[in-house]
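Taken from TrEMBL, the feature domain 'Strictosidine synthase conserved region' covers 448-534. Taken from TrEMBL, the feature transmembrane segment applies to 28-49, 80-101, 108-129, 149-171, 197-219, 231-249, 256-274, 280-297.
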């Protein structure tokens, strides 16, 4: 739910009841805000982790009654009372965590039962100690908890601020916070990626109990209430606060800062109702209505927020493409042919979108698919397929390192290394955030392709700092240069080496090892970045004004390079590039399938020289075998074809004139990669 609506609601309460801004009312609001704010933080932690907790009011009541008994009846020191109360709250939270995280019961039913149980215990305890609790005990330390100040700030409010900052940092900057968000977003994916789902969920409930106990401690010291109803109804108040603050009830999304903002608004509404001298029950009715309305808004907003956010953030870029060459002209060097029409299908029907593929020394073929899997196909006709590894993202680029490990660029995740035992090790998942950048560009949202330099550095393209594979159509619609190339050094450090690229895609280390080739899909060009030698740091064009959108680039065995095209330009797609306003309206008013983009189902493979001369072009004229070619990998006299929207890998035999003595998998400047011996050593 947009936090702006909640703020607007708070402003309405203030404008209609200006008395709540007076000094006395502000003090009451702040006191209630501190306690409700702690409950809101507690509930936010549980909700972000995909759980639910209806027992926070009962746990708060248990802490309030328990602390009074320890202080007034048993006359324990304040330090001991505080410690035992907090430990008791953590234990109550652990009860919820045990049943929800370990026993796997439903959070709603579980916490409803524990809430009723805790409430019954409060009544039993209150009945047993009611006569002895009524006698007050004066202790300066106890009064400090409920009525004291720290640096002029009320004690409860001061501790709320400290806890708010700490939990915000923990939730947004710590591994546990990322784990908690991942668990709430998708438990299955989180478990597949090695996150201890049960432990993370259990800790969130323990933290909830601890914060509820602290809120009960402040309430006990401030009010000194011995009634059995203490804390009753606070679960609805806290739930309203977090929903007002935009915390998703479905898990995986929420902010403790916004939740406490919601708590402040709820406290203001409560005081406004009191000032209007409405019946006490009216506050419950108003909060229930607010909760209902904002819960519905949360559901609708959660359903459509991604589409709306995408439409609001898309800002098309004006681009003036060069003259379009007619590939249907038989005299053109791009003339259409049937060279790929008889490609042997590999993994037909098993693969879902293999963007890239590589082969190994045994002749097996490896590729990724959109489900996050890396496949291995072996056998005489590649009839045996198995899931080699699971990455959790979308594997888009594959390359062998000198130790025989498969290094993979995974969209939505980063760059990982898969060893011979099929163990996945993440080499990079985040990059240094750019200064003065409005959007957080530290995540590798669209790691697309990669290659390894002679010094062991890995160069990886990040097609967009704002989008991922799931909405790559938005990248194409924008044509905005927000792509980049990153370098991952052997020591693990990461540096951005090229920025302002439009859909940075294919990466290939040149044969001499002194430069890398970079394909820019939406700018229809291939450029060269010199990484060593006298031209180090220079950036120069190799191929410009291509007739299609280039995708992956790979070395060829004859000293040249292979280049795949994900789609071909058309006069209409070129025309809309000159009109960003048209494309903006297109993204807002048309479904994605109707957006004007280059022809994705018409593509080819080209071979070009070091100087950028087109030497050969391979087509699938009918588009039946490989309508989309996003990558190609040469091995042992064959060319293997991948396609982001294809359900297969293709293999075509190359003409002898296209096969040279160079091993395309050998990292320039190093020995032959263990997974890829010389061509003569491997039987066809």
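Note that the numbers count up from 1, one per residue, in the order the chain is shown.
Including glycine, each Cβ sits where the backbone N, Cα and C put it.
Heads up, TrEMBL stuff is auto-annotated, nobody curated it.
Of the candidate ranges 80-101, 108-129, 197-219, 231-249, 256-274, 231-249 has the most C-beta pairs within less than 8 angstroms of the transmembrane segment (280-297). In this chain, the transmembrane segment (80-101) lies out of contact with the transmembrane segment (231-249); the count of Cβ pairs under 8 Å, excluding pairs fewer than 6 apart in sequence, is fewer than 3. Between the transmembrane segment (28-49) and the transmembrane segment (108-129) there are fewer than 3 Cβ pairs closer than 8 Å, counting only pairs 6 or more residues apart in sequence, which means the two stretches are not in contact. Recorded stretches compared: 80-101, 108-129, 197-219; the one with the most Cβ pairs under 8 Å to the transmembrane segment (149-171) is 197-219. For the transmembrane segment (80-101), the list of distant contacts is 51, 53, 55, 59, 62-63, 66-67, 70-71, 107, 110-111, 114, 118, 142, 145, 197-199, 201-214, 216-217: same-chain residues at least six beyond its ends, Cβ to Cβ under 8 Å. Here the domain 'Strictosidine synthase conserved region' (448-534) returns a mean pLDDT of 93 for the predicted model.
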